[in-house]
């Protein structure tokens with residue numbers, strides 16, 4: 001039999017289409033699960049339906065067999081492949097992504113939140129104005145160690161890890177952030193304390209437990225800041241019997257006859273702050289216009305030393321964001337205002353800045369890479385990297401414990417610090433891969449600055465440097481959990497037009513075996529600290545517009 005003639009030119013040929021419909025359960029009945037339906041259809045209304053299988057016992061006409069065989073045309077096979085591919089993608093997201101596992105475990109939680117009014121608090125991050133000094137003189141490192149005055153000035157016990165908020169919390173605070181690594185060296189946000197509310201600029205610091213504000217109690221040594229000193233009244237001073245004071249000082253330092261809770265904090269850059277605990281109202285405005293007021297415990301700091309005493313200061317104190325019970329996120333969570341989750345997003349743009357949020361509304365449910373927070377004697381955000389690589393070259397070749405290395409995420413540090421072995425191997429690898437860059441010892445911006453054999457105006461012009469990557473085990477059984485620091489996130493162009501390295505040797509701050517990921521390497525990433533599930537997550541972002549994340553990304 002001759003093959004059928006092709007359709008006339010210009011005549012529409014019937015097309016087959018594949019459709020996948022995924023139905024989510026009702027918010028109030030998440031246990032019903034999801035339904036996945038797939039089918040195909042033709043855009044030719046006159047096209048015959050696919051042949052049905054005959055009933056048992058009846059003969060099948062020869063023509064029917066031929067029609068059934070012709071039904072498996074290349075077009076129909078392609079449509080079936082499309083349907084199967086869509087189902088495979090849906091199954092991949094459902095069963096193999098980190099997000100799906102979390103999502104399935106949070107269905108009831110999300111359903112409860114949908115029935116409540118969701119409020120969000122957003123804080124901006126601001127850049128400090130340039131202070132007119134060489135950058136290496138004020139590259140802050142705010143890893144805090146508390147001390148209390150018990151006669152012997154002995155080290156106090158670290159505070160316990162803050163617990164997650166009780167069920168039913170539904171608020172998120174979203175705060176803008178300002179600042180930049182060069183030339184300013186720090187990022188800060190604005191909070192409002194007291195009645196009437198007064199603004200204070202505070203450095204955003206995930207490496208500090210206690211929030212403190214320069215205070216007229218009276219003040220012994222205070223820098224000239226952007227706002228008047230906080231002046232407490234007698235009833236605002238926290239007594240030693242307060243639970244947060246006892247955790248801060250440790251039971252062995254409890255003073256029954258004392259009338260106030262004294263503290264002293266020492267930082268890795270040898271600066272320090274001394275004061276007393278105070279309690280006053282903190283005011284937060286939700287993104288939907290709602291307001292929250294927290295009875296907030298913080299440090300009334302009357303004696304600063306080291307770089308904290310430099311005037312004019314661009315901030316009034318430090319915002320403590322560790323996992324300690326006295327940190328701001330933990331206090332908000334303990335009052336049932338937010339879940340004990342927060343995050344920040346620092347832009348790479350020249351003007352600096354970004355935003356910070358308190359609560360979980362702006363914590364993405366997908367697209368994040370997560371790694372566990374390791375328990376320790378302090379309240380810092382510790383994790384562990386299995387491998388550290390510059391390009392394809394492994395740098396931690398002689399580290400102990402199976403080549404793993406401890407990592408701390410610290411927004412209070414201007415730069416990123418590396419263990420001595422990794423730092424030395426990195427410098428050798430850079431010199432080998434970028435021979436056209438010659439060290440310029442006259443440039444004191446940072447310990448290592450190189451002069452290129454071509455003019456450098458933007459970091460995008462520098463192609464000889466490779467990314468630094470921290471590997472945190474496996475994701476989805478076969479993909480590595482990787483925190484990638486691109487050259488734009490560890491290089492800085494100095495005033496002399498040289499390329500300077502924003503990765504420093506940790507032995508300079510007595511952290512010779514730990515990686516401290518500071519602001520220079522946190523730019524261009526949304527970083528989330530989940531104290532409820534004890535994990536840290538990150539995703540690339542331009543950090544210009546925060547977005548709430550709801551639902552499930554079947555078709556992303």
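Backbone N, Cα and C atoms are what each Cβ position is placed from, and that goes for glycine too.
Marked as active site by TrEMBL: 205 (among others). Residue density at residue 205 (active site): 28 other Cβ atoms are found within 10 A of its Cβ, drawing on all protein chains shown.
The active site annotation in TrEMBL covers 410 (among others). Counting every protein chain shown, the Cβ of residue 410 (active site) has 26 other Cβ atoms within 10 Å.
If you look up TrEMBL, you'll see 187-539 marked as domain 'Peptidase A1'.
The annotation region 'Disordered' is assigned in TrEMBL to 24-69.
The transmembrane segment annotation in TrEMBL covers 76-93.
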Margin query: Just to verify a number: CA distance, residue 205 (active site) to residue 410 (active site), in angstrom, no decimals.
Written below: 7
